[in-house]
Amino acid sequence: MASGDNPRLPLTSGTSPIVKYTEMRNPTETPSTTITMASMPSPPPFSSSTSSHEPKANSSFAANTYELRRVTIRQRHAMKKALMGNVGYRLVKRKELHIQRRLIGDIMCIFGIFGIILMIIENELTFNRVDHKDTTSSLLIKATITFTTILLVCLVFYYHRINLSLHCVDNSIDDWRIALTRTKILSILFEAFICMIHPIPGHFLIEWSSQYVKTIGTNFNHIYPYRAVPNSLTTPTSLNTTTVSTTTTTTATTTMTLKDAKENPLAYVPIDIMLSIPTTTTMTLKDAKENPLAYVPIDIMLSIPMFFRLYLVCRLIMLRSHLVRDVSSQSLGYLNRVSFNFPFIIKSYMQRRPTILLTSFCITTFFIASWAMRACDYNVNTGHMSMLDATWLFIISFTTIGYGDIVPSTYCGRGIAATTGIIGVFSTALLVAVIAQKLELTRSEKYVHNFVANIELAKAHKDQAANVVKYGWKVWYLRRKGKANFIQYIQTQRKLLTSIHLIRSIKQRQRKLADNYVSLMEIFTVQRSTSAVTDETAQRVIFMERKIDKVEDKLIEINQGMINLEDKLNILLDRITKK
């Protein structure tokens, strides 16, 4: 008996055939489902004298044949019913899994974007000196980012579990672990690692200097440049050629005359680095300008990779696409062996709405790269790069102009600028392709344009042919008058040669225009019409062959009738001669 818990096994009675499903799997091929039938023996109903308890081996051959015929028909109905029930169950299960996968994708996208927004807010508070890394608000924001990251990583594993179940339903696989290959495991772990990167609660710093950026010296200790100073002054401390003295009580004494103030502009130090200055430090403005310190905090190193979570937006676009949600489109894709993945969806959107897609991509890249440049580029004198400078640096890097008025001072900023340039070249290529597609004439417009151009060329050809006749007759007339050496004869002959050259040029343009008529669409149209004519001719040939076969059969019958008639006549002649 079939189990009621497994929907793949139909419920049958004791006298009906039992349907068993076995999986015939090949490691190199797609798994297929094979149905085997096992029927219960039944007594032959045609003979009343035959005992029902008699073994089947003792029955006659006719009885076995009759029983096999009956069982075969019964098995056919059972197989059809079981197969239809299995297909219906798979379709319902597949629809439920698609809905669950779409819902999980939406939640993952919300958590990913929410974490990115919190990360930007927390860093901007620090950049603008509104907050510091060790305050309660910063720790609270980072804790929220960590919590959403944990939920996101859990949803990543659950999403791929649903994907495996969907793959099993589509390919009739009983156990989802069969579809869990090594490549699939690595891709899941890599996606979880991408979603796991985020700024952890706390404050850490890593130096990130370039060849143009040198450390200030041993007198400065830049371990915690973002940490708040207890009881710190509300005004920045000025640095010039005059000695600056700073004590642990955060009192600063500055000696400067009016002449020094005019000759030496002030260079302000952010209040965040006050704690890192020892008891007595001497530094000149010249040293501060020649030796700026550039670094990237560990929070920045962990914040910028969070933008890789935007792949969840791409997945959301794919799952919410009408091509993926429509059952008829999915069926067409299965029949034509087309996978509805993200590259296919992007190609379809690029064909339908290239302007919107390219504009959205460029705007998103603009904001992400500009903020990343602002976050990466930092030194003591200038602080973080302003957003306006970062956007200007993005524009000149994206367009591959590179004026050189603003340059990144860290390797992180340089890497982002180089990546921006590569994306700019790629976007320019896409823009050229989109513009070329928009400027291309449609088939009807091309026909009209070629027709009008052909009419104009034909008219110009007639005009130049008339000029050839006119100037040729005039040359002959002037030569006959004996004016071959006059300027009028030379001008007329020059016009004749010019008209002949123009006629040849017009003919060449007409040939090129005729070649432009032939495109892939015209070739396809000709091939389709030729195929239709060929099929019609083949049908006629087949019809003629059938007629010829019928005529041949008729001739054979007539020949046979003539032979019979000849035999009868011979018999009659023999009888007549005998009489």
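Glycine residues also receive a Cβ, built from the backbone N, Cα and C atoms like all the rest.
Noted in TrEMBL for the protein shown:
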COMPBIAS  25-37  compositional bias 'Polar residues'
DOMAIN    454-529  domain 'Calmodulin-binding'
REGION    1-58  region 'Disordered'
TRANSMEM  103-121  transmembrane segment
TRANSMEM  141-159  transmembrane segment
TRANSMEM  185-206  transmembrane segment
TRANSMEM  293-312  transmembrane segment
TRANSMEM  355-373  transmembrane segment
TRANSMEM  385-404  transmembrane segment
TRANSMEM  416-436  transmembrane segment
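A Cβ distance under 8 Å defines the sequence-distant neighbours of the transmembrane segment (416-436), meaning residues of its chain 6+ beyond its ends; these are 304, 354-355, 358, 361-362, 365, 369, 372-373, 376, 393-394, 397-400, 408.
Averaged across the domain 'Calmodulin-binding' (454-529), pLDDT in this predicted model comes to 87. Taking Cβ pairs closer than 8 Å, the transmembrane segment (103-121) reaches residues 141, 144-145, 148-149, 151-152, 155-156, 158-159, 162, 195, 198-199, 303, 306-307, 309-310, 312-313, 315-316, 319, 371 in its own chain, all 6 or more past its ends. According to DSSP, the secondary structure content of the domain 'Calmodulin-binding' (454-529) in residues is 68 helix, 0 strand, 8 coil.
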